[in-house]
Amino acid sequence: MSVFQNATFYTTVNELRDLPPPVGVEIAFAGRSNAGKSSAINTLANRNRLAFVSKTPGRTQHLNFFRLGNDRFLVDLPGYGYAKVPAEVRQHWERLLGTYLQTRQSLHGMVLIMDARHPLTPLDRQMLAWFAPTKKAVHVLLTKSDKLTRQQGQKVLKTVLGFLRESYPQCSVQLFSSTSREGVKEAAALLDAWFGSGIEPDSGMIREAGAPESGKGNAPEPPNARNKKPPVKGE
């Protein structure tokens, strides 16, 4: 059974001082507002309302921690790209997200949610470039794949895979749909492996998704990546 089936809400964080102790394993979920991040979390956990789903962008306001048992945590980050945010709020989130994502010792990887109909937006690319210096794994979920034909889905997958292989070899990618459940089993198996649950993902899926072979996961640092700010609300 996937570790996601044990997910329960743990805590919400709006200040660095409120972060739980950095023990165990954390995987962060990030993505543009309304890309389907909350739906993906709920689908993986087989819950209807573990993460709040809204048609209104920007509803996730804090770092929401969900405990999966045995010091394993899923961390739901605020969606980026939502314009209706005051400057002071945006600056606060730049500090909070920047410090968390780049210095958190217990953070083992990030799941980056992209709408399969609109992948690799400028903010998505910014997030990839900004996170790359950590040398930590990134798995891209191309959500809402049910909105595409099979041919369209494969074309999008090929395009994103080509981009990642060239620039971010520590990344893997797959199609995903909370509606049709395409890719749910594969995503759960990969993330179970990240959590060290002993459940191994299908190796064929991982190679096709563009994950690096063992020992080849360190991406070159993009130019000026350390000087970039994380994409947050209002950008």
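A Cβ is built for glycine as well, from the same backbone N, Cα and C atoms used for every other residue.
According to Swiss-Prot, the protein has these features:
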- 23-197: domain 'EngB-type G' (DOMAIN)
- 31-38, 58-62, 76-79, 143-146, 176-178: GTP binding site (BINDING)
- Ser38, Thr60: Mg(2+) binding site (BINDING)
- 202-235: region 'Disordered' (REGION)
- 226-235: compositional bias 'Basic residues' (COMPBIAS)
Length of the line joining the Cα atoms of Phe176 (GTP binding site) and Ser38 (Mg(2+) binding site), in Å: 13
DSSP-derived class (H/G/I helix, E/B strand, else coil) of Phe176 (GTP binding site): coil
Cα separation, Ser38 (Mg(2+) binding site) to Lys144 (GTP binding site) (Å, whole number): 12
Inter-residue C-alpha distance, Gly31 (GTP binding site) and Ser38 (Mg(2+) binding site) (nearest angstrom): 10
Per DSSP, three-state class assigned to Gly31 (GTP binding site): strand
Those binding-site residues listed as Gly31, Pro78, and which of them has the most Cβ atoms within 10 Å of its own Cβ: Gly31
Chain-internal residues near His62 (GTP binding site), provided their CB is under 8 angstroms and they sit 6+ positions away: Thr12, Val13, Asn14, Pro78
Winner by Cβ contact number (other Cβ atoms within 10 Å) across the binding-site residues Asn34, Ser38: Ser38
Lys37 (GTP binding site): tally of other CB atoms within 10 A of its CB: 26
Binding-site residues: Lys144, Phe176 - member with fewest neighbouring CB atoms within 10 Å: Lys144
